[in-house]
């Protein structure tokens, strides 16, 4: 039996941060119809959902927010608990306390259920192995494994697409520049674990990675 894949539609897993926003505009260049889905897991940096909503509204992207607050009950971490301070540096052993067990597994699984109902095969996510910050669920091997599992679980042909998988933050900034959305990514996104839009707090690991990448981008490409 021939498998039919709709190449005109794509679903973007969209947090409102640098990486997923870059992926959103990457998708808009390649697909006729782009839908974005975000997840509310009671994150402290909840302003990211407002950023996601605003970006989608401004640029004509259909946007949905799914309730995933159950994840906060299952996996205590510094992104959801006010009494836990965000690790400023990666620990020597194990992932940092900003890692949310099962987050990408659950997000991509729920995104796949949503996509199937809409007749969408292509699911785009901004994970990167080059800058994976010690998060095991950002690795290429995980994405490939999950892609197979989702296809088997739902008897459907999903294609998990990772435009940033093998590029670093400097190259991600360059991609945003090439797409003509550098200012949008720089000013309208939220990457900061402490919930500060744009350049962020400058102290958390996400802000350091973002800033260092931007400095390197300016040095190499501008």
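Any Cβ shown, glycine's included, is placed from N, Cα and C.
Noted in Swiss-Prot for the protein shown:
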type	residues	note
BINDING	14, 15, 16, 17, 18, 19, 20, 21, 22, 23, 24	ATP binding site
BINDING	192, 201, 204, 207	Zn(2+) binding site
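Locations of recorded Swiss-Prot features on the structure.
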residue: 14; record: ATP binding site; Cβ neighbours (10 Å): 33
residue: 16; record: ATP binding site; Cβ neighbours (10 Å): 26
residue: 18; record: ATP binding site; Cβ neighbours (10 Å): 25
residue: 20; record: ATP binding site; Cβ neighbours (10 Å): 24
residue: 22; record: ATP binding site; Cβ neighbours (10 Å): 27
residue: 24; record: ATP binding site; Cβ neighbours (10 Å): 28
residue: 192; record: Zn(2+) binding site; Cβ neighbours (10 Å): 23
residue: 201; record: Zn(2+) binding site; Cβ neighbours (10 Å): 14
residue: 204; record: Zn(2+) binding site; Cβ neighbours (10 Å): 24
residue: 207; record: Zn(2+) binding site; Cβ neighbours (10 Å): 18
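For residue 201 (Zn(2+) binding site), the nearest neighbour among the binding-site residues 14, 18, 20, 22, 24, judged by Cα separation, is 18.
In the three-state DSSP reading, residue 14 (ATP binding site) counts as coil. Secondary structure from DSSP puts residue 204 (Zn(2+) binding site) in coil. If you compare Cα positions, residue 16 (ATP binding site) sits closest to 192 out of the binding-site residues 192, 204, 207. Using residue 14 (ATP binding site) as the reference Cα, a 10 A cut-off selects none from the binding-site residues 192, 204, 207. The two recorded residues, residue 204 (Zn(2+) binding site) and residue 20 (ATP binding site), show a Cα separation of 19 Å.
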